[in-house]
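Input: a single structure, listed below in C-alpha cells.
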Amino acid sequence: MPLQNADPDAFPTRQLTILAICRFSEPIAFNSILAYTYVMVQDLHGGDDTDASFYAGLLVSAYAVAEALTAMAWGSISDRYGRKPVVLIGLGGVALSSLIFGLAQKYWVALLARFVGGALNGNVAVMQTMVGEMVKKPEHEPKAFATQPFVWFLGSIIGSAMGGFLAQPAHFYPSVFPEDGLFGRYPYLLPNLVAVVVILLAILQGFFLLDETNPRDPEKHHVEEDDNAIDERTPLRRPLRRVSIPTRSDSVSRTRSLVSSVRAVRKRASFMEEGMPLSTDQRFDLRRSSFGTVHSIQVPLKAEPEPSPTDSEPSPYNFTIMMLTVALVLVAYHQMAFGSTLPIYLLDKPTTAPGHLDLHGGLGYTVHDVGAYMAVNGVIALLIQGFIFPPFVEKVGVWYSFVSMIVLYPISYVVMPFISVLPTSVMPAGIYGALILQNFFGIIMIPCGLILLKNAAHSPKVLGRVNGMAMSGTCLARTVASPLVGLIYSRGGSGAAWFSCAGVAVLAILQMFWVPRKHVHDVDGVHVESNFRGRTGDDDVASVRESAIED
C-alpha cells in the first residue's frame with residue numbers, strides 16, 4: 001500500500017515525483033527517432049532516397065494521428081477503471097512500439113509500430129488529470145502543473161541526443177558493436193532498447209508506488225457509480241456548491257468541469273500558459289506549460305456583465321477568435337515543418353561544392369551531429385523561455401510581441417538554405433543562429449496568441465470550446481506538416497522545403513490584416529511568473545487559469 005502524505009493539504013511531492021518519472025520516460029522514446037528517421041527510411045528502402053523525406057515525415061506524424069483517434073477513449077477508460085492502469089498501459093504501449101520500431105526490417109512494420117504506440121497511449125490528458133487530482137490547495141497548482149512539461153522537456157533533450165549517439169552503433173563504435181552482431185543487423189535497435197529499459201523501470205516504480213487518484217475508485221473513496229454523487233472527498237472539488245457531471249464525459253472534461261464550477265467564483269485564479277512546445281515536438285498541446293519554466297501569466301480579468309434572463313447565449317466563436325485561430329494554425333504548420341525538415345536537411349548529402357549555395361541537397365552531417373544539434377536546440381529553447389520571454393513580453397506588450405514575431409518569422413526559414421554557403425568551420429554557428437531565431441519567434445509568439453485568444457472570448461465560460469477549437473486546428477496542421485513538407489523536399493529539394501515554410505509564414509503575416517483590433521489592444525499589465533525570476537506584479541492583478549475553465 002503506497003504511503004500517503006501525513007497532511008492532506010501538503011504539496012504532493014512524492015506522488016508528483018513518481019508521476020514525473022513516468023512522464024520522463026516517454027519523450028526519451030518519442031524524440032530519439034527524430035535524429036535518424038531519414039537515414040532509417042533510406043536503409044529500409046535499400047539505400048534509395050527517393051521520397052525518403054516524405055516517408056520519414058509519415059513516421060513522425062503516425063504516432064500523433066493514432067493518439068488523437070484514441071485519446072477520448074482512454075480518457076473514458078480512466079474514468080471507469082482508474083487513471084493508474086491507463087498510465088501503465090500507455091507506458092507499456094510505448095515500450096512495445098519502441099521495441100518493434102527498433103527491430104523493423106520493413107518500412108510498413110516501422111510505420112505500424114509508431115501507429116500502435118500512439119493508439120495505446122492516452123497519457124497526456126490522463127497524467128495532467130492526475131496532477132489536478134493530487135493537488136488539494138489552489139496555490140499549489142501552478143508549481144504542480146509545471147512538473148509535467150518540465151520533465152517532458154528534459155526527456156526530449158536526452159532522447160534527441162540519445163537517438164543520435166546510439167543509432168548505427170556498429171558503424172560508429174565497431175570495436176564494441178561488431179558488424180555481424182545484433183546491433184549490426186539492427187542498426188536502430190540500441191536507442192530503442194535503452195528507451196524500453198527506461199520505460200520498464202518507470203512502469204515498475206509506477207506499479208508499486210503510484211497512487212490511484214480517480215475519485216471514483218471504489219477501494220479508495222467508496223463513491224457510488226452515479227456520476228452526480230460528489231462529496232467532500234472528491235478530488236479537485238472545493239465544497240462551495242454541488243456540481244453535476246455528464247455521465248459520458250471523458251476524463252479531461254470531467255476534471256475540468258469540476259474545476260470550472262469552483263474557479264468561476266474565486267476572485268483570483270492562475271492563468272497557466274501551456275502552449276510552447278519545442279519546434280521538434282511531435283504533438284502540439286495548447287495546454288502544455290511552457291517547459292515548466294513559466295508558472296503563470298497574469299492578465300487583467302475582464303468584467304463579465306450579468307446576462308439578462310431573456311438574452312440568448314452568444315456564439316463563442318467571434319471573428320477575432322476565428323482569425324487568431326487561423327494564425328495559430330499557420331504557425332503550428334510551419335513550426336512542425338521546420339522540426340521535421342531540420343534533421344533531414346542536416347543529414348542529406350550536399351549536391352554542390354562547399355561554399356556554394358545548395359538548394360537541392362543538405363549539409364551532410366552524421367546522426368551523431370544531428371543528435372547534438374537537437375539537444376542544444378532544447379537548451380536554447382529553455383534559456384529563451386526562462387530568461388528572455390518574461391521581460392520581453394512585459395516590456396513590449398502582448399499584442400506587439402505577437403505581431404512582431406509573426407512579421408519576423410519568415411526570416412528563420414529564408415536563412416536556412418544559405419547556411420550551405422558558409423565555410424565548414426563556421427557552419428555550426430549558422431545552424432545555431434537559425435535555431436535561436438526559430439525558438440525566439442515561436443516561444444514569444446505562441447503564448448501571446450493564446451492570451452489574445454482568451455481576451456477575445458466574450459466570457460471565461462466559453463474558453464473550453466475556444467481552446468478546443470484552436471487545439472484541434474493546430475494538431476491537424478502539425479499532423480499534415482511533416483509528410484507534406486517531406487514531399488516538397490523530395491520533389492523540389494531543400495530550398496523548396498524551406499521556402500515553402502517561409503511562404504506559409506508570409507500567409508500568417510497577410511492574414512493579420514483581417515484580425516479585428518476590437519479585443520486585442522486592451523491587454524495591459526501582463527506579469528509573468530518564472531522559475532528563474534520569481535513572481536512579478538502586484539496583488540491587484542486578477543488572472544484566469546485558462547486550462548481550468550471549461551463549460
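Here the Cβ of each residue, glycine as well, is placed from N, Cα and C on the backbone.
As given in TrEMBL:
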- 15-520: domain 'Major facilitator superfamily (MFS) profile' (DOMAIN)
- 54-74: transmembrane segment (TRANSMEM)
- 86-105: transmembrane segment (TRANSMEM)
- 111-130: transmembrane segment (TRANSMEM)
- 150-168: transmembrane segment (TRANSMEM)
- 188-210: transmembrane segment (TRANSMEM)
- 217-248: region 'Disordered' (REGION)
- 217-235: compositional bias 'Basic and acidic residues' (COMPBIAS)
- 317-336: transmembrane segment (TRANSMEM)
- 370-389: transmembrane segment (TRANSMEM)
- 396-419: transmembrane segment (TRANSMEM)
- 431-453: transmembrane segment (TRANSMEM)
- 465-489: transmembrane segment (TRANSMEM)
- 495-515: transmembrane segment (TRANSMEM)
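For the transmembrane segment (54-74), the list of distant contacts is 30, 33-34, 37-38, 40-41, 45, 86, 90, 97, 107, 110-111, 114-122, 124-126, 250, 282-283, 340, 344, 475, 478-487, 489-490: same-chain residues at least six beyond its ends, Cβ to Cβ under 8 Å. When Cβ distances are compared across the two stretches, the transmembrane segment (465-489) makes contact with the transmembrane segment (317-336), since 3 or more pairs at least 6 residues apart fall below 8 angstroms.
Recorded stretches compared: 111-130, 188-210, 495-515; the one with the most Cβ pairs under 8 Å to the transmembrane segment (317-336) is 495-515. Taking every listed stretch (111-130, 150-168, 188-210, 431-453) in turn, the largest tally of C-beta pairs under 8 A with the transmembrane segment (86-105) is reached by 111-130. Non-local neighbours of the transmembrane segment (188-210) in the same chain are 2, 15, 18-19, 21-22, 24-26, 28-29, 32-33, 36, 40, 84, 87-88, 91-92, 94-95, 98-99, 101-104, 159, 162-163, 166-169, 177, 182; each lies 6+ residues outside the stretch with a CB under 8 Å from one of its CB atoms. By the Cβ criterion (under 8 Å, sequence separation of 6 or more), the transmembrane segment (431-453) is in contact with the transmembrane segment (370-389), since 3+ such pairs are found. Simply put, out of 111-130, 370-389, 495-515, 370-389 has the most Cβ pairs sitting under 8 Å from the transmembrane segment (150-168).
In this model, the domain 'Major facilitator superfamily (MFS) profile' (15-520) carries an average pLDDT of 81.
Non-local neighbours of the transmembrane segment (495-515) in the same chain are 53, 320, 323-324, 326-327, 330-331, 333-334, 337-338, 341, 345, 358-360, 403, 406-407, 409-410, 413-414, 416-417, 485-486, 488-489; each lies 6+ residues outside the stretch with a CB under 8 Å from one of its CB atoms. When Cβ-Cβ distances below 8 Å are used as the criterion, the transmembrane segment (396-419) is approached by residues 299, 327, 331, 334, 338, 345, 357-359, 363, 427, 430-431, 433-434, 437-438, 440-442, 444-445, 448-449, 451-452, 494-495, 498-499, 501-502, 505-506, 508-509, 512, 520-521, 523-524, 526 of the same chain, each at least six residues removed from its ends.
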